[in-house]
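*Asks:* Per TrEMBL, the features are:
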- 20-38: transmembrane segment (TRANSMEM)
- 50-75: transmembrane segment (TRANSMEM)
- 135-152: transmembrane segment (TRANSMEM)
- 159-176: transmembrane segment (TRANSMEM)
- 191-211: transmembrane segment (TRANSMEM)
- 223-243: transmembrane segment (TRANSMEM)
- 255-278: transmembrane segment (TRANSMEM)
- 290-307: transmembrane segment (TRANSMEM)
- 313-331: transmembrane segment (TRANSMEM)
Amino acid sequence: VLTWLTDGACSRAEPASVVFKVYCLTVMTLVAATYTVTLRYTRTVSSDMYFSTTAVCMAEVIKLALSLGMLASVFPMPVPREAGGFSRWKSALVDHVVRSPRELLKLSVPSIVYAIQNNMAFIALSNLDAAVYQVTYQLKIPCTALCTVLMLHRSLSQLQWFSVFMLCVGVTLVQWKPAELTKVQVVQSPFIGFFAVAIAVLCSGFAGVYFEKVLKSSDTSLWVRNIQMYLSGILVTGIGVYLTDGPHVMAQGFFYGYTPWVCLVVFLASVGGLYTSVVVKYTDNIMKSFSAAAAIVLSTVASVLLFGLQITVTFGTGALLVCISIYLYGLPKQDTSVLARPDASKPTREKIIPM
């Protein structure tokens, strides 16, 4: 896993047992669903409300610590009196962080965008149910697809474009008549929630493709790139804390309103992306699509039990269309422009080579 994470993204899944793949996808699904539901719960309880900006900032700090640890594991500590791991780890940080202000500036772009996205998630889940948010947030798929076409000059198959259209129709049905919540007493604005999701979706699509483009523009380690981005992220989110909640934080404290549930939200936000990398390593797009659909189902069940979500026909139909579209989008695309060389000893036939 470390070798792949250090060298960059992998286009195909690595060999692994079915049991291990199921384990990875199960954990990923639970992390995604638990994060959404727990964040929703922390924004609807009647206790002292924590500052969402400080939670986003703390998540960046933990991500930086995890990335430093993973970079250190790539360069293991040597035995006494031998030069090696620690020296290379220190050299990598000095060369790519201290002596590379231009690279830090380059990675500050996704840092700012991700900071906006993460703060929008808190605003969205303060006004939308977890299940509604989980479905609506899948609009990141067409947004990412559009950014991929424009920024990386890739093409999408007709089936993928159709799935994007189907997903948009499904999200429209979910938002057509907002579902009622019988166990939530806080004031909510579905319009504000959807607007926040829309901003988060745009940020997610652009930042993800931008970061991929930066990764593929050089041979720099993924963990070094993460460290560069999280350093900028801490600075950006720290400024956000000061500008948004500065006086309140000074008066009540940085960790005001923090409960074990809030700490769980910060933890899940920090490790979610890291674990996703492991899933990308050992699974394919179809299995990840099942994971996303399962997360929607789990969030819906949890919303019914915890928040009294009332399932309507439009919500159920829209959620089903979104799940189907996610599956269709993840199907492997065939390259019809590449033809196999015919065998002289056999009749000439055109053969399409799948990607």
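Here the Cβ of each residue, glycine as well, is placed from N, Cα and C on the backbone.
Automated prediction, rather than curation, is the source of TrEMBL annotations.
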*Asks:* Check the transmembrane segment (50-75) against the transmembrane segment (313-331) for contact, please; criterion is three or more CB pairs under 8 Å, pairs 6 or more apart in sequence.
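*Replies:* By the criterion, they do not touch.
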*Asks:* By a Cβ-Cβ criterion of under 8 Å, what residues six or more beyond either terminus of the transmembrane segment (159-176) are in contact with it?
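*Replies:* Tertiary neighbours of the transmembrane segment (159-176) are 132, 135-136, 138-139, 141-142, 145, 190, 194, 314-315, 317-322, 324-326, 328-329, 331, 333.
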*Asks:* Counting only residues 6 or more past its boundaries, what in the same chain has a CB within less than 8 Å of a CB in the transmembrane segment (223-243)?
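*Replies:* Same-chain contacts beyond the ends: 5-6, 51, 53-54, 56-57, 60-61, 63-64, 67-68, 70-71, 74, 92-93, 96-97, 100, 103-104, 107-108, 110-112, 114-115, 118-119, 211, 214-215, 249, 254.
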*Asks:* Using a Cβ-Cβ cut-off of under 8 Å, list the residues of the same chain that are 6+ residues beyond the ends of the transmembrane segment (191-211) and lie near it.
*Replies:* 109-110, 113-114, 116-117, 120-121, 123-128, 132-133, 136-137, 139-140, 143-148, 151-152, 175, 225, 229
